[in-house]
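*Asks:* Swiss-Prot feature annotations, pasted as is:
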{"type": "SIGNAL", "residues": "1-20", "note": "signal peptide"}
{"type": "CARBOHYD", "residues": "N68", "note": "N-linked glycosylation site"}
{"type": "DISULFID", "residues": "C86-C95", "note": "disulfide bond"}
{"type": "DISULFID", "residues": "C121-C129", "note": "disulfide bond"}
{"type": "DISULFID", "residues": "C283-C404", "note": "disulfide bond"}
{"type": "DISULFID", "residues": "C299-C355", "note": "disulfide bond"}
{"type": "DISULFID", "residues": "C373-C392", "note": "disulfide bond"}
{"type": "DISULFID", "residues": "C512-C529", "note": "disulfide bond"}
{"type": "DISULFID", "residues": "C518-C560", "note": "disulfide bond"}
{"type": "DISULFID", "residues": "C521-C538", "note": "disulfide bond"}
{"type": "DISULFID", "residues": "C532-C544", "note": "disulfide bond"}
{"type": "CARBOHYD", "residues": "N569", "note": "N-linked glycosylation site"}
{"type": "DISULFID", "residues": "C595-C615", "note": "disulfide bond"}
{"type": "DOMAIN", "residues": "861-955", "note": "domain 'IPT/TIG 1'"}
{"type": "DOMAIN", "residues": "957-1041", "note": "domain 'IPT/TIG 2'"}
{"type": "DOMAIN", "residues": "1146-1232", "note": "domain 'IPT/TIG 4'"}
{"type": "CARBOHYD", "residues": "N1183", "note": "N-linked glycosylation site"}
{"type": "TRANSMEM", "residues": "1241-1261", "note": "transmembrane segment"}
{"type": "COILED", "residues": "1262-1315", "note": "coiled coil"}
{"type": "TOPO_DOM", "residues": "1262-1892", "note": "topological domain 'Cytoplasmic'"}
Amino acid sequence: MRSLWLLVFSFSVLTGTNMAFPMILSERPEVTGSFKVKDTSLTHLTVHRKTGEVFVGAINRVYKLSANLTETRSHQTGPVEDNAKCYPPPSVRACTQKLESTDNVNKLLLVDYAGNRLVACGSIWQGVCQFLRLEDLFKLGEPHHRKEHYLSGAKESDGMAGVVVGDDDGDLKKKKKGGSRLFIGAAIDGKSEYFPTLSSRKLVADEESVNMFSLVYQDEFVSSQIKIPSDTLSQYPAFDIYYVYGFSSRTYIYFLTLQLDTQLTQVDVTGEKFFTSKIVRMCSNDTEFYSYVEFPLGCTKDGVEYRLVQAAYKHRPGKILAQALGLSEDEDVLFVIFSQGQKNRANPPRETVLCLFTLHQINLAMRERIKSCYRGEGKLSLPWLLNKELPCINTPKQIGDDFCGLVLNQPLGGLMVIEGIPLFDDRTDGMASVAAYTYGDHSVVFVGTRSGHLKKIRVNGVPPPSENALLYETVTVVEGSPILRDMVFSPDYQYIYLLSDKQVSRLPVESCSQYSSCKTCLGSGDPHCGWCVLHNKCSRKEACEKWAEPLHFSTELKQCVDITVTPDNMSVTSVSTQLSVKVANVPNLSAGVTCVFEELTESPGEVLAEGQILCMSPSLRDVPSVTQGYGDKRVVKLSLKSKETGLKFITTDFVFYNCSVLQSCSSCVSSPFPCNWCKYRHICTNNVAECSFQEGRVSSAEGCPQILPSSDILVPAGIVRPITLRARNLPQPQSGQKNYECVFNIQGKVQRIPAVRFNSSCIQCQNTSYWYEGNEMGDLPVDFSIVWDGDFPIDKPSSMRALLYKCEAQRDSCGLCLKADSTFECGWCLADKKCLLKQHCPSAEHNWMHQGRRNIRCSHPRITKIRPLTGPKEGGTRVTIEGENLGLQVREITHVRVAGVRCNPAAAEYISAERIVCDMEESLMSSPPGGPVELCIGDCSAEYRTQSTQTYSFVMPSFSRVRPEKGPVSGGTRLTISGRHLDAGSAVTVFLAQEECLFVRRTVREIVCVTPPSASGSGPSSVKLFIDKAEITSDTRYIYTEDPNISTIEPNWSIINGSTSLTVTGTNLLTIQEPKVRAKYGGVETTNICSLVNDSVMTCLAPGIIYTKREAPESGVHPDEFGFILDHVSALLILNGTPFTYYPNPTFEPLGNAGILEVKPGSPIILKGKNLIPPAPGNIRLNYSVTIGETPCLLTVSESQLLCDSPDLTGEQRVMILVGGLEYSPGMLHIYSDSTLTLPAIIGIGAGGGVLLIAIIAVLIAYKRKTRDADRTLKRLQLQMDNLESRVALECKEAFAELQTDIQELTNDMDGVKIPFLEYRTYTMRVMFPGIEEHPVLKELDSPANVEKALRLFSQLLHNKMFLLTFIHTLEAQRSFSMRDRGNVASLLMAALQGRMEYATVVLKQLLADLIEKNLENRNHPKLLLRRTESVAEKMLTNWFTFLLHRFLKECAGEPLFMLYCAIKQQMEKGPIDAITGEARYSLSEDKLIRQQIDYKQLTLMCIPPEGEAGTEIPVKVLNCDTITQVKDKLLDAVYKGIPYSQRPQADDMDLEWRQGRLTRIILQDEDVTTKIESDWKRLNTLAHYQVTDGSLVALVQKQVSAYNIANSFTFTRSLSRYESLLRTSSSPDSLRSRAPMITPDQETGTKLWHLVKNHEHADQREGDRGSKMVSEIYLTRLLATKGTLQKFVDDLFETVFSTAHRGSALPLAIKYMFDFLDEQADKRQITDPDVRHTWKSNCLPLRFWVNVIKNPQFVFDIHKNSITDACLSVVAQTFMDSCSTSEHRLGKDSPSNKLLYAKDIPNYKSWVERYYRDISKMPSISDQDMDAYLVEQSRLHGNEFNTLSALSELYFYINKYKEEILTALDRDGYCRKHKLRHKLEQAINLMSGSS
């Protein structure tokens, strides 16, 4: 079998996860590069295996990125006009379905290395593919005209996979002929008649070849494809096969698929759907698909089945894994990720598992299945194929590994699931993508998750060994954003590229540098990482110097350097000591080491044998302060530094200790360091010389002086008594030392009492009494200590305390006194009726009761409180009785009766002396009376009997109403039950049917409880109460209703802080009492409130989330859970089907410097910030509120700033911004007025003015009348000036705001507009013969035979170069041969020679050479060459470029030109346009700018299109100042968007109806009987004139010719037609101002028409009007705003024209060829001035061709160009010309505005032009042969566009006119005489004249 090279590209990348080691969660920023998008979604990723360049597929885009993810190219693939029901697509055949702007979803992206191109397959036009050049993404082709070109129109981006197979056998001819093959599997979305599910296609070299994507083999019976039978789809409409991953291995092609399990899924469409995973295999050289085998695939872990394949990756195992599997290292394994179960393909469970399959295992299962089938066993068993029930046919056949099937027993399915080996499972993150590679002997698997993380897993074995898969690191890539399937390594395997919805990320495959120690490095489990010993770093071995030398690079934990120091501690008082350092596992240290004690000292180490090093500890002067502030010790790092590397390579702890810090004997002697306690000096020291035995040295805890533990020391307050304590080792005070003292701290007061030491083991505080203030506490814990010699404390147990107590405090009754702790020795003194010590009670023997006495009872019990006070007569009420002296034991309580009814005491609830709890028995009376509580203690004698003052009553509770009356089945409703006596009794239980309602609270009139879930579903339930033993019922019912449901949340996003408004729609919402919305993120739940609007709508404030990382990603984060708390409706707690996104909170920059900004009143304020408009879909935006001081301001919001009008305030005002519950204050505004006069100055001026005024008054009396008039004029002027100033400010501010907001809107409006290119013939005719629609060259020549013969003879002459040159030169020599004639002859010649372009080019070059020669001979400036059309050659050159640049216009330059035209048109129409003068609010031309303030308002009309029905209305934006014709034009533009102008109705053919109900229809016209006439001015009707309102319904209907219409429109049609002819001309004017139509009186009525502005030059313009006019130049700011809005489109056009790359298109050959010709001519004539060459090229191409096209886009597109668009295009064209000029532009304030407008841009454009010319000159020259071949091809394509005979007939006119001159010229030329050209011409003339 011939060798094959197999290139595999899969668009499914896998994911895995496992737990096993000390896993690292990497928080540091791992992503080393990223590429982000906002306006699209990314779908696929591939990396060039040689260059490392990254290619990314997206919706409507393909990007090319550098290896570090910098964008280098992008290619637009959509949107396009399409409809999924159009087959073939509308690009091939007109479709009856409505076309809509459709996104192109990239579904397949792979590199065809053999063809050196990128294959990008999308979803539009039934799934066509584009071939893009790898270098620049230039579109090489997009085959879309055959059925084989349509792969699948399904929209899902992850249902397609492909494998490329290419020939590599060295047979170049065969290779060129055959090319590569593409095996492609695709989900077909139910369209099996259109698309195969799996096929093998040809990839031929020519992208436009008819064979591209054709099936590798096809005859009438068999082909290289498999289709899903239509019967399968009719039975299971949801059936499809989704291709997850494709790859090749040896001679086979494999696909992993996910498909509907037809055996588990019910036929019923609404039933639950089950899916199964399968692996498909075919031979790579099988053209008939006989080898197709399909087997189920799955994995089981811990008894749980995983059947939903998510991603996969083929890999050759590392040595360790291969050995564990028993494989050789060149055999392939497959890592596969599955989700749990078989449901939810679109949103699979997060419980996932990473499994391993060997291809040996898979192939073995398939081979055995094939063998059994060929033995005739079983059936074909492919569930989704019609022949699944066909039996296998017994066919003797040797089945080996290379068997590729026969015509029978195929396609074949397996029934047994091939089970994978589970390696790692994950139950939270949800694994979604996987990739693997081998590093050293290890297999490393990288897994992307749905939570945006990357898991790194080392796979070295399989079960049963425990270390089968080790998760050693998790890296955050894009938090909350799922990692998509495509994960690809860089060619050198240093990086891995990951893809999410909005970002491509590049991460290093390892991050060894994050580990700072050998143990964490080698313990991480990362196989890339080892410890570089002398460099003290974790790295790959390649990054470690001398890694191959012994012990330089460690890879195992046991190889980590070990260090021990002897001794390992020293006192801060010790002198410098030699330390012995022992190190193990170190390389040769012969270069030397130094010993470093942190920042203290560094000294050389002496290296001895066997890893021993001697170091010196720091000297005494370096150490004293080392432990200061560190307590009794400080640990410092002792490090060894290698002199070889200059780095510390091992560090250990060394301790400096300080005994003197320890203040007690026990802490001193228990120290781990050699500290001794000197008890007579009361110090701790390590120096034994400082403390001899005579000084009481103690070295063990047993020898410490200490008080021994005992129980609490009880001290009765006020009683004088000694306190004796047991002790040990109490020292005898020496001479000069003070004796012992007891120190008590009572309520902050210190009490010192002398103590007596009896011996070393006993001490006594002498007789004294102790007291504490107040009786609030019965006992008070007191701090105490024993000290000697002043302040030397004796150690005592920390828990030991003294307790000071008073018997009478808080014990004011006999019962409470006798309850006291018996150790207090308190008793009740009957005489004093107090709780006292025995010695304080007189006649204690008789009067003092205490616990020691038997059978004591307290007399005179008293009841203070009973509860409850009411209860049912049925009993069961638990009554609580509180009081004093209520017995000491429960057995003393007898005879308890409540209102005469027995009540049984509950022993467990009894509190001695204070409380009795008893249970009521039933009253046997029908209406028992109430009464007090009675009880006895012991017996019922008078002194032991009591009765309560409160009375207990029997009541009959009842209820009559519940509210609310209904609630959800799941319960949770707070139910209020209303009635009487509902607070009776001690316990209440509420039942709804048989379920208990959870009690909340109750009062006398109501009970509140929370409803339980209904056990019987919806419907009414009975309500029943149990109060103690009483059962209460009623007829009242509570109704359970269906649980509420949530259908939509708008918007489905908020900001991190939440509190933005959400509108929630659903059902049954009114049954919920307190709805809340909830979110859970990072384990923290947050909620916010909702308000019910009606049963189907509620509004909520979004809950915020706690986001702890620095900043949320721009793409947003998704909460772990999002849902609603609707009572107990648990189904809505988590809404997994509603993805909710949290975007970063907006932030704002401080105002000005230090948060203060100075502004004038009314000035716009810019508040800059970030994240102001979240990148969420839809039109909902954040609601901002800005206040300045207390005053709100009007806002304009953009992505990075708020534009705010400051209010009319002055002084310091704080700015506050409110959004989503957040408040920001970016600072203070200092608003200052223009007044600069101080108060004294004003007073001074006022006083001086007063004196002056008195003098002036006397003078003015004489001139009273004149003064009054002057004063009135002055006031009027002042008023006008104020008015003018405010309007100027308003105008500037409007222009500024427009500039900020228009650009984005305009760009959005441009998206998806289809370009209406003219066909080739119309395009060339408009350039060659502008303004002539029906030219003779387009028609057949109807002429006699002799004329045709004469013209053919004339044609032969024209094809003689010398004749043609003589003919042209002779014509040009004639005075009467006008400029128009020259252009006409040039165009006729090009039309006649269209079929011989190579000959026309030769003639053109000669004519240009002659023109250059003539130019130089006449001593004209060389720069004037080709400047004007003064010769036939110049117009021929224009036509030549017109012919040859047509394809370039269509493929490249046409788009930015059309976008510029559309942008201008739309921007102009956003503001008022004067229908008469053509002037507009938005303009680039000063001459076409409305220089007045026009008040207008935007309206949205709902338009019913012609032949449209109700309900098909289209919203269209118009202005209320638009004339009716202007409105009709805008409506037609909207209705016929994307339709060429010539194919749609015109405004004049339509009437505009305003519909105000069913019957009222008003026809609106520019002029009718309602038209306003003032003086002799008549104003055109506008929408405002008719008072049309926003949202009005209008219709476009065919114009009806009626008497009404004639009467009302005759005058207007006649008077306006002359302006229409001027405004709608297709040619560009020489002078824009001269084009404006003059307003002349109507011939019949004498009135003049106007629309927005009256002509200022007209004689009757009243002078009084000037008062209301603004200085017109102020409106020039609008030019700048318009220019800014259109800048992007102008730049795009210029960049396309002046770029050799042309966004992917090659430079047209014609440009390079002609530029080289001009350079040759300059060289030939020794012209070295570069400016001359530059000018020739500029005059040749930009001036002759591009300027013409820019000014007249209607030459290229089927569009209408109005006068304002024409004026703007002329400004752009002039800028284009200026950019090509070499002369300097000197500009001043008097320069034309269009020159000033682009003054800053022109130098940049000039540099583009210079670079363009320079790049072209550097390109390799085009040979004449190559150019001729290209020209011949052009002639073949377009040779029949014009009628040659008709063109010749038109040219003959000039032969006839200048016959004598031409014949004479032929006579004079030697060549012409020799070849008798005169004779031949005369023959033609005679034949022609014969016809006449």
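Yeah, the Cβs are placed from backbone N, Cα and C, and that goes for glycine too.
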*Asks:* Take the Cβ of C121 (disulfide bond) and count every other Cβ within 10 Å, whichever protein chain it belongs to.
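*Replies:* Taking every protein chain into account, the count is 26.
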*Asks:* Near N1183 (N-linked glycosylation site), which residues of its chain come within a Cβ-Cβ distance under 8 Å, counting only those 6 or more away in sequence?
*Replies:* T1060, S1061, V1219, G1220
*Asks:* Would you mind ranking the disulfide-bonded residues C373, C529, C532, C560, C595 by how many other Cβ atoms sit within 10 Å of each Cβ and giving me the lowest?
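*Replies:* Counting other Cβ atoms within 10 Å of each of the disulfide-bonded residues C373, C529, C532, C560, C595 gives the minimum at C560.
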*Asks:* Taking only the Cα atoms, work out how far C521 (disulfide bond) lies from C615 (disulfide bond), in Å, as a whole number.
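*Replies:* About 28 Å separate the Cα atoms of these two residues.
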*Asks:* Please report the three-state DSSP label of C512 (disulfide bond).
*Replies:* helix
*Asks:* By a simple count of other Cβ atoms within 10 Å, which of N68, N569, the glycosylation sites in the record, is least packed?
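*Replies:* N68, out of the glycosylation sites N68, N569, has the fewest neighbouring Cβ atoms within 10 Å.
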*Asks:* Would you mind giving the whole-number mean pLDDT across the coiled coil (1262-1315)?
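*Replies:* Averaging the confidence scores along the coiled coil (1262-1315) gives 56.
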*Asks:* Counting Cβ atoms within 10 Å of each candidate's own Cβ, which of the disulfide-bonded residues C299, C518, C615 comes out highest?
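*Replies:* Sorting the candidates by Cβ neighbours within 10 Å, the top entry is C299.
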*Asks:* Taking only the recorded positions C283, C392, C404, C518, N569, which one has a CA atom nearest to the CA atom of C299 (disulfide bond)?
*Replies:* C283
*Asks:* I need the nearest neighbour of C392 (disulfide bond) among the recorded positions C283, C355, C538, C560, N569, using C-alpha distances.
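*Replies:* Among C283, C355, C538, C560, N569, C283.
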*Asks:* Which number gives the other C-beta atoms within 10 angstroms of the C-beta of C129 (disulfide bond), all protein chains shown included?
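*Replies:* That number is 28.
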*Asks:* Just jot down the residues in the same chain as C355 (disulfide bond), at least 6 apart in sequence, with C-beta under 8 A of its C-beta; none if empty.
*Replies:* C299, Y306, F335, V336, I337, F338, G420, I421, P422, L423
*Asks:* Tell me, in order along the sequence, which recorded positions from N68, C283, C595 have their CA within 10 Å of C532 (disulfide bond).
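*Replies:* Candidates kept after distance check: none.
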*Asks:* For the C-alpha pair, I'd like the distance in angstrom between C595 (disulfide bond) and C121 (disulfide bond), rounded off.
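*Replies:* Between the Cα atoms of C595 (disulfide bond) and C121 (disulfide bond), the distance comes to 66 Å.
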*Asks:* Determine, using Cα-Cα distances only, which of these disulfide-bonded residues is closest to C544 (disulfide bond): C95, C129, C373.
*Replies:* C129
*Asks:* Helix, strand or coil at C544 (disulfide bond), per DSSP?
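*Replies:* Note: C544 (disulfide bond) is coil by DSSP, not helix or strand.
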*Asks:* Given the disulfide-bonded residues C129, C512, C518, which lie close to C538 (disulfide bond), meaning Cα to Cα within 10 A?
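*Replies:* For C538 (disulfide bond), the disulfide-bonded residues whose Cα atoms are within 10 Å come to C512, C518.
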*Asks:* Given the disulfide-bonded residues C86, C95, C404, C538, C544, and counting only Cβ atoms in the protein chains shown, which has the most within 10 Å of its Cβ?
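*Replies:* Result of the Cβ crowding comparison: C538.
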*Asks:* Between N68 (N-linked glycosylation site) and C86 (disulfide bond), what is the CA-CA distance rounded to a whole number of Å?
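*Replies:* Rounded to the nearest whole number, the Cα-Cα distance is 41 Å.
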*Asks:* Looking at the disulfide-bonded residues C95, C121, C283, C404, which has the shortest Cα distance to C512 (disulfide bond)?
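*Replies:* Out of the listed candidates, the nearest Cα belongs to C121.
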*Asks:* Of the recorded positions C373, N569, C615, which one has its Cα closest to the Cα of C560 (disulfide bond)?
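*Replies:* Of all the candidates listed, C615 is nearest in space.
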*Asks:* Taking Cα atoms as reference points, rank the recorded positions C95, C404, C518, C529, N569 by distance from C129 (disulfide bond) and give the first.
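*Replies:* Of all the candidates listed, C95 is nearest in space.
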*Asks:* Radius 10 Å, atoms counted are CB only; among the disulfide-bonded residues C283, C392, C512, C521, which position scores highest?
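*Replies:* Neighbour-count leader: C521.
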